[in-house]
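According to Swiss-Prot, the protein has these features:
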- D135: active site, proton acceptor (ACT_SITE)
- L19, G20, K21, G22, A23, F24, S25, V26, V27, K42: ATP binding site (BINDING)
- 330-340: compositional bias 'Polar residues' (COMPBIAS)
- 13-271: domain 'Protein kinase' (DOMAIN)
- T286: phosphothreonine (MOD_RES)
- S314: phosphoserine (MOD_RES)
- S318: phosphoserine (MOD_RES)
- T372: phosphothreonine (MOD_RES)
- 324-375: region 'Disordered' (REGION)
- 392-413: region 'Disordered' (REGION)
Amino acid sequence: MALTICTRFTDEYQLFEELGKGAFSVVRRCVKISSGQEYAAKIINTKKLSARDHQKLEREARICRLLKHPNIVRLHDSISEEGFHYLVFDLVTGGELFEDIVAREYYSEADASHCIQQILESVHHCHVNGIVHRDLKPENLLLASKMKGAAVKLADFGLAIEVQGDQQAWFGFAGTPGYLSPEVLRKDPYGKPVDMWACGVILYILLVGYPPFWDEDQHRLYQQIKAGAYDFPSPEWDTVTPEAKDLINKMLTINPSKRITAAEAPKHPWICQRSTVASMMHRQETVECLKKFNARRKLKGAILTTLLVTRNFSAAKSLLNKKPDGVKVNNKTNLASSPKDTGPAPALEPQTTVIHNPVDRNKESTESANTTIEDEDLKARRFGNLSINSIWQPSVGRPQNSEPKQAPNSSVQTCQVINKARKQEIIKVTEQLIESINNGDFEAYAKICDPGLTSFEPEALGNLVEGHDFHRFYFENALSKGNKPVHTILLNPHVHLIGEDAACIAYIRLTQYMDGSGMPRTMQSEETRVWHRRDGKWLNIHFHRSGAPSVPIN
């Protein structure tokens, strides 16, 4: 699609309230003056984009303009002006499908069948037009309106690629970890079947409220997916019909050539004979699990969006977490003992999109998903919110070029060295904070902690504490610079980097001191601290401590 150049957007459209905001863009409601029709206009600040980014915008616009289906968010116009690019989409007001489900009074297998049918129809339309979405997940499944029975709309073609027929090729390691197919993880040629695998994951979640593949460790998560290691555990799956499980099995078939297609799946009895095959029983347990699943996704998204929008877009730092070809950042701090208890809790959350080097087929990534290996010519590039269909929530990044290029080893080594140095920096600032506590130096402590510091700690009896006043009391009444010597050891500190300007550290804290009778004592506590770098300075914004009080009270 040729972009319309030098057309005055404001001559044709009137802008209204803001709907959302990203790093380099803002989304506002607009009305076409000639027709009075409402749309959503994504306004991208092109002054911050490179020539290559402009090409990618044009490619994505071309893909979106090609797709005209009632279950796909449609791009109506693409207008380029000096310094800005305007993308005019359907105004989709119903929010996410998964959020709507948990608000319903009644939800059954038959409802899940109707949902997946619409998703499959949108995917089939993509495939017929030679488009592979590559990033099917709950965040990209929206509802046209808040009316009952509103159509499901597939959104965000930021990772979409164009293919010829049933072409299988290596288009790069791209997608969202929990929804990646085995062939992508094996670095094999792939094509349209990757979307059907993701549909299988989505259908699984629609039926029980948690994902089929989950693990707090990236490598183990990927091993599960490559092995197709999922099951239908009791008791929640006991009430799911065999036909529903059969469709999931056909979608989650490891061999892509034997996987059910987007044309075949709607003909499955569980979908085309829904009224007689799919169960009508209300699935309350699914709704409850889905609430936890949604809550975890939203919390992670809110934290990452804040970090991304406020980060320093320095070209010198861009090697750490460049995202022009990557997408949403991931952190590895959320753990869970069971997907049924708290929803998905792997190190790689299902909503976290990641892209790796498209040609390094033999190397299993040893970094967390927020590390993107890119081409030499991108080394000084900054990342931005370029996904032109991500209207309803800020996101960053774009798809990898389908033409594979080798990422130089020096880039990988440099990234590893910088990450290692930053982890040591987090350990050091944590030690400084602990030292200020041991010394009873509240002034030094306050300089290292954010004024809005939040915490869970034994002294607060399970309550969330905010600010410094709670801790000031202990500094002034239980601690002093003249106290007997206290020595603290941090055992096994583990640092997880969250973008360039945030990190989380977990460790065991051993505190040695002399009690009132002169006897040596040792206390142990387990701590997790979240750090955020602001104006070049690390500040502790949250901590969680269990075990004994942090400092002995004489």
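A Cβ is built for glycine as well, from the same backbone N, Cα and C atoms used for every other residue.
A map of Swiss-Prot features onto the structure.
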residue	record	DSSP (3 states)
L19	ATP binding site	strand
S25	ATP binding site	strand
D135	active site, proton acceptor	coil
T286	phosphothreonine	helix
Cα distance (Å, whole number) from the residue listed as 'active site, proton acceptor' to K21 (ATP binding site): 21
For the residue listed as 'active site, proton acceptor', the number of other Cβ atoms found within 10 Å of its own Cβ: 26
Cβ-based isolation winner (fewest other Cβ atoms within 10 Å) among the recorded positions L19, K21, S25, T286: K21
Mean of the pLDDT scores, which run from 0 to 100, over the domain 'Protein kinase' (13-271): 91
Pairwise CA distance, L19 (ATP binding site) versus T286 (phosphothreonine), rounded so that it is a whole Å: 30
Cβ atoms near V27 (ATP binding site) (within 10 Å, other residues, all chains): 23
Spatial separation of D135 (active site, proton acceptor) from V27 (ATP binding site) - C-alpha basis, Å: 21
Distance, the residue listed as 'active site, proton acceptor' to S25 (ATP binding site) (CA atoms, angstrom): 21
Spatial separation of the residue listed as 'active site, proton acceptor' from T286 (phosphothreonine) - C-alpha basis, Å: 24
